[in-house]
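Noted in TrEMBL for the protein shown:
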{"type": "BINDING", "residues": "G98, Q99, T100, G101, T102, G103, K104, T105", "note": "ATP binding site"}
{"type": "DOMAIN", "residues": "12-310", "note": "domain 'Kinesin motor'"}
Amino acid sequence: LEKPDKQEVSDNVKVVVRCRPLNQKEVLMGFKQSVVVDEIRGTVTVNKLENPQEPPKTFTFDTVFGPDSKQLDVYNLTARPIIESVLEGYNGTIFAYGQTGTGKTFTMEGVRAVPELRGIIPNSFAHIFGHIAKAEGDKRSVNIHSVPDVAGWLYNPATWCLITVCDLIRFLVTVSYLEIYNEEVRNLLGKDQNQRLEVKERPDVGVYIKDLPGYVVYNADDMDRFMTLGNKNRSVGATNMNEHSSRSHAIFTITIECSEKGVDGNQVMRMGKLHLVDLAGSERQGKTGATGQRLKEATKINLSLSTLGT
């Protein structure tokens, strides 16, 4: 989780660990849970079950969640502060990192059809447009003017009321969705899925993707439709560790522009960007049974993920 620019440098990046429960396959194979999570202390202890004599190793993080953690709890304690800051005009990034099958896509996306299983991304959609609806409703000025009936035709009394509604704040929300697959970038929302995009850099805007369009959205359902369309175009494949393994990194970017009337009557503009990232799995290639194209994908995935530690 990347904290927005307004935070102190030491708080810019927070590391949150979520440990998933054993899956059905692991239970049938007789596996045991080797990780102990202390959510109060923020620690994760790893026990060597195959070698009980070896002392356990304990690691401390900003926040930890155990196998029984709920999707909404994860969202409220980790993503919600980032979303609130983006709505105030700051930039933020949330990404999931870990081996294939550790629950990255479930944490980020979840099950949209089941409210309590929705992940960070759909909860972010609802949060953003819930905030916008409230802000535009709260900051709508209603002025009542007393207007003289100079023509004398408005029955009596000699005045009538003119009510005007003035929007003091307006929002524009756009989204883009890109994939990094085998070190190549493409627009997951484009008609031509064979088109490769270029990464550029300019002094005034920094790093950007040339010709990556933004699409205007008006509600959370619009966002969800774009996300669903992009997911259909993502590169996935079966490995020994995950039947539907993400073989690419996907970045869904939400840009929120806001125009608000200041106390001096002038319009004030602000813009925040939220990058929601689903990273491909990082794992030892021997565990995945990768050969041919899958091996090539794994090599590229691990190459790009290695930059996170630099």
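For all residues, glycine too, the Cβ spot is worked out from N, Cα and C.
TrEMBL: automatically predicted annotations, no manual curation.
Owing to the predicted nature of the structure, the values given are computational and were not obtained by experimental measurement.
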Collapsed DSSP category at T102 (ATP binding site)
coil
For the domain 'Kinesin motor' (12-310), would you mind checking the mean pLDDT of the predicted model?
80
Other C-beta atoms that fall within 10 angstroms of the C-beta of T102 (ATP binding site):
19
For each of G98, G101, G103, count the other CB atoms within 10 A of its CB; which of these binding-site residues has the top count?
G101
Fewest neighbouring Cβ atoms within 10 Å among the binding-site residues Q99, T100, T105 goes to Q99
Cβ atoms near K104 (ATP binding site) (within 10 Å, other residues, all chains):
24
